[in-house]
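Database features, via TrEMBL:
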DOMAIN    B:547-652  domain 'TMC'
REGION    B:1-25  region 'Disordered'
TRANSMEM  B:247-276  transmembrane segment
TRANSMEM  B:341-360  transmembrane segment
TRANSMEM  B:433-456  transmembrane segment
TRANSMEM  B:477-497  transmembrane segment
TRANSMEM  B:513-535  transmembrane segment
TRANSMEM  B:608-633  transmembrane segment
TRANSMEM  B:654-679  transmembrane segment
TRANSMEM  B:729-746  transmembrane segment
Amino acid sequence: AEEDFSWFDLTEIELLRVKCLPHTLDVLRASSLYTPFHIQLSHKTQRARAHRRFIELLPPESRNVEDSLRVRVSTEQILTLPELKANPFRERICRVFSTAPERDSLSFEDFLDLFSVFSDAATPEIKSHYAFRIFDFDDDGTLNKEDLKCLVNCLTGDGQDTQLTSSEMKQLIENILEESDIDRDGTINLSEFQHVISRSPDFTSSFKIVL
Amino acid sequence: MSRTPSFVLPIPEGRESSSQDLSPYDESIVHDSFHQLIQEQSQRAEAESLELQEWPPRDKGGGSQLHGAPQEYSSATLRILANMPSRTIGRSRGAIISQYYNQTVKLRRKNSRPLLRDMSRSARPSIRQYDLEFDLTPREEEEKRSLLVEELQGLTITQRNHMLQNMPLSLTEKRCLRQDIYIRRGRQRCYQISQTQLYCCSHLKYHCIIAFRSLWYGLLSGLYALKPWRYSLKQISGQFGSSVLSYFLFLKTLVSFNILLLLLLLPFIVAVQVAFPPTSESSNFQSFTGLELFTGGGPFTHTVMYYGYYSNFTLNQPCSSHQSSDHCPANAVHLPYNMPLAYLFTIGFSFFITCITLVYSMSRSFGKSYRVGSTLGVHAITVFCSWDYNVTQKWASRLQHDNIRTQLKELLAEWQLKQYPRSVCGRLRQMTVLFLVWLLSLASVLGCAIAVYSFSEFMHENHEIRTETISEKLQEARLLVLPLIVCIINLVVPYFYNVLAICEQHDSPVLEVYVAICRNLILKMVILGLLCYHWMGRKVKSLEDQCWETFVGQELYRFMVMDFIFTLVDTLFGELVWRLISEKLKRDRKPEFDVARNVLELIYGQTLTWLGVLFSPLLPVIQVLKLLFLFYIKKISLMANCQAPRKPWRASHMTTIFITLLCFPSFLGAAIFLSYAIWQVRPSRNCGPFRTLDTIYEAGKVWIRRLEEASPSVTWFTWIHQNLVENTFFIFLMSIVLLVAIYFNIQVVKGQRKVICLLKEHINNEGEDKIFLINKIHSIYEKKAVHQ
């Protein structure tokens, strides 16, 4: 009847129509909500694994399927994940993927979104789009010199002695703008960023977090 | 320089405007009014006293025109700047929606030619009709969204899913979009059906579906967990990054190549021979001492491991009157199996399949890693793409910070050097140093080659003279000396090359890696070539009445075992001892994992396997076991002793190089050796499946002749063989065609590069337009502010 639902993808609505579901299939149900049309986590097992990891972050009283789909987890909790703990861009990542008004908490859908963009199956266009948003520290849609300065400081480390000197920083930012700012307006917009990324074949394999 | 603008239109008299229906009189009226308009404008311009500025000359290091300007812009200007389409696409949802709406429209109308009125004069998206990508107000956004939903409904299912998947929107929005699509398509009725209206068969249907799905999920998760070494690889990439990971991935690739070989060799050659062991061999029961594991001789000689064991007749032939009664097995199934033919064809076919797989993976890897213009813009690429998100340990990410900082400093230093190039003296000095170092390394290669050659000659002569005083066991052990010498050379000389590389100072660290790989490769290939010559030339002649193929197979086995032992020694002593020494000396730099050297050792081992497959069909088994052990040993040593390499490492580029090296010197050399052994060398008389023939290839020829005699309709096969394979004209023609295709492709790439340059110029010019307009806006707003 529904020609575009394959055997393996039932929506939430359909599942709610069936009266009783065995308890062990709860995770199944949660992972089946997000059919492959939406996200690129290629194995449904990966989605189930993501759900398991998300549930671990919740307080013990809301560790069931229904609550996990409604509750939001604060950024501090997400930052305790081992995959994100050592990443200098972790706060930016949480901010970009959060759909809360104050951008400080993630729901399960945001969580899935995060790991689907960082998975193997996401296209380079999506990855570069989100990378741009992560690097855009002031959220204005372009990378200006301040953004680039913050970016380089994130890359080189936190301490005072690990950062580049101011003259080196200035020269580096000038070189970056010279190489990638094609229309010479002093900032790097999304298209220019994607053009730079397309020249580096390693980006797709390094912009990857595996659960 | 300021002057009032004067617009003077050259109005040629008597011009016919064919597109208009006006009479000449009317035309002049039009021109008159236009002229008037222009005059008004110029007067106004004079009144506003616009100044025409000369454009500052564009210099190379000049940066942007706007530097320093943004702080001076008024808020109104900044607001307009922020709303520019190129900036809104990076941040606003409405802009993304409208952009994907346009893409969907284009997708739907792909096949039909676009109508002329849809083509706008300008390519700028902001001027085209429905591409206004401002920060849309909520109402506009809703409109755009409904338009997008409509367009998506018009696509096919796969296209729609693909489109949805590739949109950089959040999951909630995609789900809402999808629901809207289905609601619009009249699925509303689905959501209104209550539970009580479920019929029992659809209830059952859902239960079945869910049960099947749980089975399927179980299977998928089982398969995923079975993926070999998944956790180890994640651990390694988490701690050491993608450069060290590429070594282990390459190891995995080699294991899969060997398993591919085994899948063909085991059932078709080994299993059959094991099922029908040759009865005529007088198996002398040699005692098994531990030495045979290293030399491959002794009780292993007359086993299925070596060429000499295989029969040269058709196995399992049905009982016929030609044969004596004791050859007639009592089996029920009588499928004749022509052993020599099977041997030849299986080896040939497995090499063919390996060649195809190698070339395919090489071309795929090349396609992924080659980008036009990838050597430009290193600073931007380093800053944007060099952080490896796989890294999960705190200390590893600290190391990455250090590495990136070093890399950036090196890039800046290189750039400075390019700005102020070295003097002629310095360059001359660098050239001489380079020349000397290369001379030294080539001389060392030559020296090693001479050493190996003379030593092999010496061993060969010694082997001939069997003295009674030396025991059998010692004579067997003496066979190990040549592999020992070769392995020592392979171990020590690369360290020597490392020392040499410190003396010469290359401008770029990437070049250093290439040079090191090149030298190591030359050394290994020269030595292997020499050994092959030695075997084919000397050993064949001297061991003619014995089984020289088994001997060569045993030699290769010995080489492989020695290589494995020396790799173990190198890992344990090289890395462990270095770490202890560096701890003693209180330097906190652990030894680095030298990826290039280790990968070359893997390639060397694989070359040995491919060289020996003809003479020892079980060699891939040894290689697989060796690789499995190596994985765990290297991993343990890595975790305990090493740190990630400090030099920058372009992972996909280097992976392509490794696969190319595996294909070209390694596999090609093995294939040449194999072809020579099959086509030119005379098999030994006493053993093996080809003992009665002149060359191994003759087995195939004999079979074709028998086929021709049996059924004359198969002559096309021989015709193909004669005219296509043995005739050189066809191969010549194919090479010409290939060269022409390559030439065309090179020209296409050159043309594409030119187009890229032109487009960059075009964007440059547009950028200048943009700056001009921004400055104009700013001046207008300023004047307004001043006048108010």
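Indices start at 1 and increase along the chain as displayed.
Just so you know, glycine gets a Cβ as well, placed from its N, Cα and C.
From a predicted model like this one, the values you see are computed outputs, not experimental measurements.
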Given pairs 6 or more apart, does the transmembrane segment (B:654-679) have at least three Cβ pairs under 8 Å with the transmembrane segment (B:433-456)? no
Averaged pLDDT, computed only over the residues in the domain 'TMC' (B:547-652): 86
Which sequence-distant residues neighbour the transmembrane segment (B:433-456)? Criterion: at least 6 residues beyond either end, Cβ under 8 Å. 481-482, 485-486, 489, 493, 496-497, 500-501, 503-505, 519, 522-523, 526-527, 530-531, 534, 538
Sequence-remote contacts (6 or more beyond its ends) of the transmembrane segment (B:729-746), Cβ cut-off under 8 Å? 723
So which residues does the transmembrane segment (B:513-535) touch in its own chain, when a touch means Cβ under 8 Å and the partner is 6 or more beyond its ends? 441-442, 444-445, 448-449, 452-453, 456, 460, 486, 489-490, 493-494, 497-498, 501, 506, 552, 555, 596-597, 600, 604, 607-608, 611, 647, 649, 654, 657, 661, 665, 669, 673
Helix, strand, coil residue numbers for the domain 'TMC' (B:547-652) per DSSP? 80 helix, 2 strand, 24 coil
